[in-house]
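**Student:** Pasting in a structure now, in structure tokens, and then I'll have a few things to ask.
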Amino acid sequence: MKLAYWMYAGPAHIGTLRVASSFRNVHAIMHAPLGDDYFNVMRSTSERERDFTPVTASVVDRHVLARGSQEKVVNNISRKDEEQNPDLIVLTPTCTSSILQEDLQNFVDRASLSSESDVIPADVNHYRVNELQAADRTLEQITRFYLDRSRKQNTLDRSVTNIPSANIIGIFTLGFHNQHDCRELKRLPRESGIAVNQVIPEGGSLKYLKDLSRAWFNTVPYREVGLMTATLLEEEYGMPYISITPMGISNTADFIAQIGKLVNMWASAISEKKLNYDLYVDNQTKFVSQAAWFSKSIDCQNLAGKEAAIFGDATHAASITKILVKEMGIRVTCSGTYCKHDAEWFNEQVQGLCDEVLITEDHTEVGDTTARIEPSAIFGTQMERHIGKRIDIPCGVISSPVHIQNFPLGYRPFLGYEGTNQIADLVYNSFNLGMEDHSLDVFGGHDTKEISAKPLSTNRKNINWTPEAESELNKIPGFVRGKIKKNTESFAIQNNISEITIDVTYMAKEKLSP
């Protein structure tokens, strides 16, 4: 736990609330002071949904601090049970209210005596895990709770479905293009003759969790959320799972091949005819995905020699790195993630594909690294978009956290064969090609005309530009402006110059000219 004014992954309670509010008829109560209760605003302004279950805040105020929280929390649980009759109420503290060290399990036990709903406390260490880790743990906790109950009540049906079927685990609210990816994930197995048994937690119903084990296998499209649940189902119910993310032509083909392997394994056991998906993959690659054809076109070949920097969650950053290098021939100078808990896996995935690997939660380190390597384009989160604006480098958003514009109304998946088209468009349109940037400067069209002369990191020496020098800098074509700015500042630092004037720019140009 640390104090920060920007976080790539939010506090633990946000992950718990995202999972709880993704299920149908599940209500979350947040034991928190005012200021921590922003989840409803965040979800209602970002996720394009007409209806969702809001989270209730059981506010910790001075009165609660004086006499304790138990009575207020129990009353809030009982009130929500009577008003909304949910299947489950999840009680979670925040990292702030956790300081009180209250026994929430005791609160839950008391509330359960008079509640018709199930009531559980979120089993998460709010000091040690972030939003994504907490979401993964909460989903596993809820799944385990209902599977264990069904097993004790002898209502757990262990027979597999008559036709091949799969569970999709890890689609949930406020995820990056999760709703669109879910539609594509449903289409892929269906066209391969595989039924979708259940999708959890998004839109899932708790009463059907007991049927999770009837699927032939599980799929976990994102490493950040769902792996713990898939591991639970594998260890206790013998269900295999696929953790390959079908993002990009190669990974999607590998994903379908893994489906074929698991389905044929079951087919051998029940004397069914084995299936071959090679023709399906070939047809999808040729006629649905345009990315394979586009990668061989003259337009994509114009990207040869371009360099990119990538940063995001482990799943998206690793997948985009593979696509750029293996499928589009673009050099990745730096690939990084803020998922420090998954650093080992990430390093394995991008090994040999990039010049430099960056594992950090510090956005200033990402900004300084990006400014140092000067890529032609950045692919990252909303923070990398801000970084790109400051140093005049275009950025395509490929990962959470994001702004509202990355919750599109139109169909824009990143997974599957339609996802390959979306990614190819995003990558191509993120680069400034040839004299395009200079033409925009001449004829207008940039939303940001001036380049920032401020350093990205507070640790970097502050060098001021005079208005005249900045004006001169902005006359330089955009595709070389950033490099000239950096070289001028390096010259100033080497010569102990704290302010860059027009004379200093001329001195730097004369010194650095071959």
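Including glycine, each Cβ sits where the backbone N, Cα and C put it.
Sharing the features that TrEMBL gives for it:
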| type | residues | note |
| --- | --- | --- |
| DOMAIN | 12-431 | domain 'Nitrogenase/oxidoreductase component 1' |
| BINDING | ASP36 | [4Fe-4S] cluster binding site |
| ACT_SITE | ASP299 | active site, proton donor |
| BINDING | GLY434, MET435 | substrate binding site |
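Explain the structural surroundings of these features, please.
**Tutor:** Across the domain 'Nitrogenase/oxidoreductase component 1' (12-431), mean pLDDT in this model comes to 90.
For ASP36 ([4Fe-4S] cluster binding site), other Cβ atoms within 10 Å of its Cβ number 20.
Cβ contacts within 10 Å of ASP299 (active site, proton donor), excluding its own Cβ and spanning all protein chains shown: 12.
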**Student:** How far is it from ASP36 ([4Fe-4S] cluster binding site) to ASP299 (active site, proton donor), counting Cα to Cα, in Å?
**Tutor:** 48
